[in-house]
Amino acid sequence: MGKKKLSFNDLQNSSTPKKTLGWFFLVVTCIKVLLFPSYRSTDFEVHRNWLAITHSLPLSQWYFDETSPWTLDYPPFFAYFERFLSILAYQVDPQIVHLQEGLNYSSNKVVFFQRATIILSDLSLLYGVYRLTQKLDLRMQKLIWSLVIWSPMLLIVDHVHFQYNGFLIGILLISLSYLEEGRDLLGGFVFAVLLCFKHLFAVAAPVYFIYLLRHYCWGGIVRGFSRLLIMGGLVATVFAFAFGPFFHLGQIQQVIQRLFPFGRGLCHAYWAPNFWVFYIMSDKGLAFILRKLGFNIQIPAASFTAGLVGDASPFAVLPRITPSMTFIMVLLALSPCLFKAWKNPRPQMITRWIAYAYTCGFLFGWHVHEKASLHFVIPLAFVAAQTREDAKHYFLLSIVSCYSLFPLLFEAQEYPIKVLLLLLHFILMRSGFSAQFYNRDETRATSGHTKKTVDQFESEGSLSVDVKNNGFVIGLIERIYLAGLVVVEIWGQFLHPLLFGDKLAFMPLMLISVYCALGIMYSWIWQLRSIVKSH
């Protein structure tokens, strides 16, 4: 057969993906700018204070300063990043980086400057998305871009609440793109850089270690040992650049204490929707029953439902949980994935494995923030377009995870924003997945594959199957569960204040955490089953 000749349209369309991705980014940038005046959390002052610390103090005092309660607790590369931004901030308004006079400074200049830095830093996300999708067809690219670049979770957390998750997740995606291309050395290097920006991404380090050891280093004593030295030396060099100055100053112990403040307790003030929600509720339920039966059960002085971050993890009946116990649970949950990565280290599976690792860390980790769900929801967007079952899983997971972030924006003026963002995301996913799998079915039909065979193949390992011939629809159980989110929201937003007033103020938050935890646990089981059954 002769080679297919490239037409003028083919040559013209070769530059289309970059232009289209640019338009995606431009549209969402306009939305981000419109969100400038919206609510800002304490994280806004946290990062402003870090600008002041890194600009006003010598490096030797960065991890010791306590002028503000929002002390520096990110790894050195992020501190260097803040130092770079502080140079620009000083040109905009010197008060932004003043250690004393800048406390709680909130002029329009500082608001616009800091929000603009998040938009610009999102270029790493843009590049990571481009690299991970550059070999896909344009229809699938647009689907993934809409899920990631227009992610309502990133808009809520970064561009309203205020953080730099898009910047950091972009670095993760760049690392994953190199691994999928088989460029393991670069993938490991970029991941090491990411860890020196934010250490909480280390949850996926065991998967990286096993995968790179098996895929890059394995293959004979000489070859394996030399490659292990190369990879180890590269990672050590990255950490030397990050932590070397503090090691030289004899401050490593202080830096480590800042990075890992285990005294904060098992749960964050607003419970992340993970496994520990069920553990806490079980403890409270058992304590209530035993007190009714006449047992003398002491109620701990610190209360989970007070919404405060304590120095301990108080339980009335069940054993107290320690950081080491959560570490062991995360490793146990990871073990099937580590086994698969060792047995058959396939580059096309690495994104799925890394997403699963962050799901395990979210479910079983110590003092997990609800915002950490971004670490697995964003990577899973690249998996979602592969099969109809992956899409169904992602559809439910992304809605539940986004809804779990609603309590972050608790002021009335932001309520329409978060509801509208989630509804638009729902519509985009529904239409995008329908178009993706309807067109795929047409293509397969013309290739001689029967629709029945395709559906049977894609439904293997599913927890709930309900697929129509002409598009995308989730199962009955998932539809009922998502309808329950509406009930939870109506209760917390309208009925609870009407019936209870200011009493039991934490109950709506608790209900959101518990209900969303069911969805996240469903996702974990689905991912685990999918990984175990993969070949």
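Cβ coordinates are placed from backbone N, Cα and C, and glycine is handled just like the others.
Per TrEMBL, the features are as follows:
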TRANSMEM  21-39  transmembrane segment
TRANSMEM  112-132  transmembrane segment
TRANSMEM  185-213  transmembrane segment
TRANSMEM  225-247  transmembrane segment
TRANSMEM  259-281  transmembrane segment
TRANSMEM  293-309  transmembrane segment
TRANSMEM  321-341  transmembrane segment
TRANSMEM  394-412  transmembrane segment
TRANSMEM  419-438  transmembrane segment
TRANSMEM  472-492  transmembrane segment
TRANSMEM  504-525  transmembrane segment
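Sequence-distant contacts of the transmembrane segment (185-213), counting only residues of its own chain at least 6 positions beyond either end whose CB sits under 8 Å from a CB of the stretch, comprise 74-78, 81, 168, 171-172, 174-179, 228, 230-231, 234-235, 238-239, 241-243, 259-260, 330-331, 334, 337-338, 341-342, 345, 350, 353-354, 357-358, 360-361, 365, 372, 375. For the transmembrane segment (472-492), the most Cβ-contacting stretch among 112-132, 259-281, 394-412 is 394-412 (pairs under 8 Å).
Long-range Cβ contacts of the transmembrane segment (394-412) within its own chain (Cβ-Cβ under 8 Å, at least 6 residues beyond either end) map to 39, 41, 147, 152-153, 156-157, 160-161, 270, 272-273, 370-371, 373-374, 377, 380-381, 383-384, 418, 421-422, 425-426, 429-430, 433, 474, 478, 481-482, 485, 489, 509, 512-513, 516, 519-520, 522-523. With a cut-off of 8 Å between Cβ atoms, the residues of this chain six or more beyond the transmembrane segment (259-281) that come close are 73-75, 199, 304, 307-313, 315, 318, 321, 323, 326, 329, 362-370, 372-373, 400, 404, 407-408, 509-510, 512-517, 519-521. Counting same-chain residues at least six beyond the ends of the transmembrane segment (21-39), those with a Cβ under 8 angstroms from any Cβ of the stretch are 111-112, 115, 118-119, 122, 126, 129-130, 141-142, 145-146, 149-150, 155, 159-161, 409, 411, 413-414, 417. Residues 139-140, 142-143, 146-147, 150-152, 155-156, 384-385, 388, 391, 394-395, 398-399, 402-403, 470-472 of the same chain sit 6 or more residues outside the transmembrane segment (419-438) yet have a Cβ under 8 Å from a Cβ within it.
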